[in-house]
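Visitor: Have a look at this one.
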Amino acid sequence: MSEIALVLNNLEAYYGKIHALKGISLEVPQGKIVTLLGSNGAGKSTTLKTISGLVPAASGTVEFYGRNITKEKAHNIVALGLIHVPEGRRIFKDLTVRENLELGGFTLKDEKLRRKRVEHVFELFPRLRERQKQSGGTLSGGEQQMLAIGRAMMTEPKVLLLDEPSMGLAPLIVQEIMRIIQQLNSEGTTVLLVEQNAKVALKLAAYGYVLETGQIVMNGDSSRLRQDERIVKAYLGG
Amino acid sequence: MSLYYVILQQLINGLILGSFYSLVALGYSMVYGIIKLLNFAHGDLYMVGAFVGFGTLGLLGGILGVGWLGIAAALLISMLAVGLLGMLVHRAAYQPLLNRRAPRMSLMITAVGVSFTLFNTVMVMTNGEYETVNTSLGYSGISLGPVNVTYTQIVMVVATALLMLALHWFIKRTMYGKAMRAIALDPDACRLMGINVTKTIGLTFFVGSSLAAAAGVMAGVYYGSIQFFMGFIIGLKAFTAAVIGGIGSIPGAMLGGLILGLLETAGTQLPFIGSAWKDVFTFGILILLLVFKPTGILGKSEIERM
Amino acid sequence: MRSHLRIPERFSGTKGRIVSLAVIIILIILLPLVANNYVKEVITNAFFYMILALGLNIVIGYAGLVDLGYAAFFAVGAYTTGILTKAGLNFWLTIPIAVIFSLIAGVVIGGPTLRLRSDYLAIVTLGFGEITRITARNLKITGGASGLVGIRKPSLFGYPLTHSSDFYYLFFILVVLAAIVAFRLHNSRLGRAWQYIREDEDAAAAMGIDPVRTKLYAYMLGAVFGGVAGSFFAVKMTAVSPETFAFTQSAMILMAVILGGMGKLAGAILGAMVLVLFPEVFRTIGQSRQLVFGIVLIIIMIFRPQGLWPERRN
Amino acid sequence: MSKKSMRLAGGIALSLALILSGCGAQGGNTPAGTGGQQPSGGEIKIGLPLPITGSEATFGKDMQNAINLAVSQINAKGGVDGKKIVTVTEDDACDPQQATAAANKLVSEGVVAVVGGYCSGAVIPTLTIYNAKNIPFVITAANSSKIAKENPGNTFEINGTLEYEAQRAVELFKSLGVKNLAIVEQGDAFSADLARLAEADWKATGNPVVAHEVTNKGEQDFSSLVTTLRTKKPDMVFWTAYYADGGLLIKQLRQGGYKGPITVGDGSADPKLIQVAGPAGEGTYVLSPPVASYLPAAKQFVADYKAQYHQSPGDYSALAYDGMNLMAHALKQAGSTDGKAIIKALAETKDFPGIAGKINFTAEKTLKGSNIIVLQIKNGKFTAAQ
Amino acid sequence: MSILEVNKLTLRFGGLTAVNDLSFRLEEHAIMSLIGPNGAGKTSAFNCLTGFYKATVGEILFLGRSIAAEKPHRITKMGIARTFQNVRLFKDMTVLENVMSGMHTRSSAGILAAILRPPGQIAEEKRIRQVSRECLDFVGIEDKADRLARNLAYGDQRRVEWARALATQPKLLLLDEPAAGLNQDEKNQLVELIQKIRNTLGITVLLIEHDMGLVMKVSEKIVVIDYGEKIAEGTAEAVKNNPRVIEAYLGKEDES
């Protein structure tokens, strides 16, 4: 029986003066991949930012394993085991690959453990080991995405929020990233995946929510959503 | 004096002056690096540091003496106190603006306000008086022909170098140092790593301000006289030094300080320039340097505007 | 729908603005009848800073360029007029010459440095400001460290300008002229080009706007405002000395612009007023007034980071 | 939008009201355009334009203290013709613009006379403001040669002019057998003037000035300057600026191996010079204004000052004290608070016994004769040089 | 005749070669696409064409004139307009003011005209506004002219950018990933718009795009680059079936 890792209850948020989230409710069961679809500006990224504490919630709640984290500061949420990999990867371009990973493990108090986890990430992504002394900015787009995910894995989070991991990547690389996400999930990480590329996302996820102008307009099992005519027309390219 | 000795002596002079500039420029550059703020109050923290050191020396002088032991204690206490003051300034004056994502110019003007406040507080408290720092340090030292270096000068330069090395280690090796560099690049991403950004910026202010305080105490001890506006000129010079080296760059600030010290020394000695025109000479070189290397010597080339 | 609603709204806004502006202008014109010399002096000083703030606002507010050495332009104007009137030239004839010299100064400072990033521009302008001051201090023609004294006050159509009220009105007229010129520049092809560059230089270049030339124009026009203000300053004070053009002076003018609200004409005027009036209002507290000023400055910035009257449209 | 403009209009009106009321209380009810107002309630109001903020604040406060001490003594003895003297200090911050505002403020507050003035640059633009209302001005410190040139007639300088000081310096150097002179100034009007005059006078004696250097105020490191000076091999280094930086220069000259004599100008004649310079200061010659502590006539003043303010009088305290007393004397002589009468009384001053020496004026209304004395630092103390 | 001719264009940053020996021709009135995997050097090539980067080696001829050494604003004036990959509007200005920026090179008022406002200047201002409104009308957002650019939906912001580029009255329009962030509906409209720009205004169009569907639909010619080098060139059909393209770009994508 599966526990619910993350619950959003009627979450509202403002982005500047724009009412970006108008009451979002969704659930992410433990061990699953759930995807959040929608066109640009629908509020997908804002949803993730509100969960991770970058954007304050105006009302509603975020519960993480039953604990209300709506008002927690971003850095405290990380320590609880909820990690957000932001859109555009946001790696530290002037820092080396290894330093990027170390910072991912900032909340770890034990230096040895941190070193061990870096090794673990290198096992996951051998290409990062080759480039550990290079600065992050010199990596290719795909490698940067790997680094971003690897950095998030440093604390071995219970839940991973991924924002557009396929953005700007060529199809071949997208496939590799998706394979990695699947692998992490199979090892036990729960994933909330935001994607533009609905085709890819629905293939990976068990369940999907569709967001339009700050509201959930549709949800269901991925297989069902993939068949839905409206989805096909709007997001899968009819 | 032969030309050789003059050059040697002037090199030493420039080095000592430059190491003070470096120490102050470091804090300037660190704060700039992390929140892109030209902290005009930095020179005033240097001044406050000198006064705290002076006060401590007065209080502890009776117990520890006014020799190296007393000075070391004054240095540490001043670094701690001014470090905390720097954190307070950050929390009270700058962080509210950062939270509101205020324009950088406003942040700069706030810094001018902080400078005014610190400067005038000390003026009112000291009634505008000059204070004389009395120590038991003498003028003995090493003489190479006409070239003189006192032990005090040697100790000052060594202490400065040690502080810089410690800072370098802190920035490069510790997690907080790495976090500081990361915040400079992308504060939001840092929040997502579990880094308490506000606290880390506060820590940067602590470190930067305590370095300024160290320089202030050393200047007080070395020169022997302090007053409430002593931070103004060094603030401008540190800013210049930080820019010469490439603002935001820690090694750049060190290098910039030394270069500035040497340039000023050279300007004083050179014919047709002399002390009257030495600042024109220094700024002239600075402008030329920036025209040809627009980001300073060790600066990163990135394009962005205020 | 929206535009229907907007027209009357706009109209009433404009009307309200005209009325309050008229009230202010009448107040200003009538004030010397009741005020003593001190009040006139302080307000004349505020007028003077308004002209400088309007000029610097072109550089900082409109074009988004940092300038920490604006006092240099002011110095060029003041010294040009000071030297030439002492050499016997009529004051009014020195103004065009001061304009030319300020333009040249604007080109000299702007030319080589406009490709620099803002923070570097900050130090370069600061450096130029200091170079100007030190040069004035060291040269014979500028009167050295003690500067020029005994500059004669001018006369206008045979009427000698000597009273406080004369300069009060003269500077008020200058403020009005400066405001009109600044307003027109802002709402013109060039004014828009400055805004485009300030917002996104690359995008502006892609639209065919020459960033370097456009920025240079901002420096040059800012310099002219400073230069003309300097000319009048010289004859009003009858003395010019290098310390008047120190960094603190540039910082004062910069504060006026930012305190008021960058890019906004009324903001620059308001900022200059606050900056001059504040220390005067607090004269009675003596040596602490600068301390209070510092604290108030911080508080204003915390609560109004965009300035007292920012440029913001909805 | 319109609300905003109304608010602005309101704001302007409010601030105008504030300054109007700030000074209007007294200034408002006096008839504009007349000189010496009749003070009500038996008070004579005297203005003190002094630097109370900024880097010269120390000097301003020393002068303010001394003047107020003089005033309290005068009032204790019954004031001037039964009227008490009250002082109003306005900050000029050593800045011409602030000084003009301060001067106008003093005028609008109805001061009868003005005593003070420290920075020449800040004093000069204010002379005509006082003169327009026939307000006499006794300048107790500023002594740039340009003041006399700009004097519209109401101004009296009781600090010896720099011409005298430069002459005195040259006499001293000649008596010490100096040949090569090095001069160091600080780039401000006062020290640059003294340096320029001394250089001209020295060259007129047929001897060379081997170096004329400039430092910046507040700059603490003079080591490169010292090295440069040493390469010029001077027999005497003459510092024309103030004590704080002067003390540092002396110290660093000695540290840098300069062994010749050093002379400092009157801006440095302060006990703090000895404190800052420490043992390095020994033997330094000091051209001093009649500083209270070394004036036999000023013993009582020094004691009173210390009792009142718990510190020693500053450089210009004695002159400021004299200035106030001179003004009180002139008020008595004039027998009224009419500006023209006071100016006339001041101009007729004859051998006024100040603690700093007798005061007489030249035709230019500057102090007649030099009151500069030469001191030397011996055993950590100023002593009269032989 | 060809409006644009790129000969052996190479661009290096330090050790990295972003564009390598790239050559192609673009015929007048054509619609052509430049495609390639991420990091293949497409945007770098674009930046060379528009003067933002200076080519290390090579020649760029626009209407027979070499423009490789020209500055961006000069190139715009000659008649090449561009858009940016991630929309770069003047966010705090109105939509109309944004588009008016495009008219900068087609107007001339200087400092004195700004201050004195002679009749010529007033007439010119009027013309600038009118043309800008026409451009907004052309892309279909005339009704949003007075709104602040930052308050527009993403799709509309894209349109403002196109209108702004059109206002420069170009002969050649370069679009950098115009479909990024658009939904399918908006993409379909984009295709129509691109065709309308070419057909009614006679402007040649060169685009960089990721969306293969769109590229195939709209382009008459496609140039494929990988690692800065051209690996294929031809019609949509030809490129689609080119084995090198399939390997480098399409991979085994269409298994679903």
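Glycine is no exception: its Cβ is also placed from the backbone N, Cα and C atoms.
Annotations per TrEMBL:
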- C:16-35: transmembrane segment (TRANSMEM)
- C:47-79: transmembrane segment (TRANSMEM)
- C:91-111: transmembrane segment (TRANSMEM)
- C:167-185: transmembrane segment (TRANSMEM)
- C:216-239: transmembrane segment (TRANSMEM)
- C:251-278: transmembrane segment (TRANSMEM)
- C:290-309: transmembrane segment (TRANSMEM)
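Are these features on the surface or tucked inside, and what touches them?
Guide: Using a Cβ-Cβ cut-off under 8 Å and counting only residues 6 or more beyond its ends in the same chain, the transmembrane segment (C:16-35) has close neighbours at 43, 164-165, 168-169, 172.
Nonlocal intrachain contacts for the transmembrane segment (C:47-79), taken as residues 6+ away from its ends with a CB within less than 8 angstroms of a stretch CB, comprise 98-99, 101-102, 105-106, 109, 114, 118-119, 121-123, 125-133, 136, 142, 148, 168, 171-172, 174-175, 178-179, 182, 185-186, 191, 194-195, 197-199, 214-215, 218-219, 221-234, 236, 240, 242, 244-247, 249-254, 256-258, 260, 262-265, 267-269, 271-273, 275-276, 311.
Within the chain, the transmembrane segment (C:91-111) has long-range Cβ neighbours (under 8 A, six or more residues past its boundaries) at 69, 72-73, 76-77, 80-81, 84-85, 124-125, 128, 132, 152, 154, 215-216, 218-224, 226-228, 230-231, 235.
For the transmembrane segment (C:167-185), the list of distant contacts is 28-29, 31-32, 40, 43-44, 47-48, 50-51, 54-55, 57-58, 62, 161, 191, 221, 225, 228-229, 232, 236, 265, 268-269: same-chain residues at least six beyond its ends, Cβ to Cβ under 8 Å.
Taking Cβ pairs closer than 8 Å, the transmembrane segment (C:251-278) reaches residues 42, 45-46, 49-50, 52-54, 56-57, 60-62, 67-68, 70-71, 74, 175, 179, 182-183, 186, 198, 293, 296-297, 300-301, 306-311 in its own chain, all 6 or more past its ends.
Distant neighbours of the transmembrane segment (C:290-309): 255, 258-262, 264, 266-267, 270-271, 274, 278-279, 282; these residues of the same chain sit at least 6 beyond its ends, with a Cβ under 8 Å from one of its Cβ atoms.
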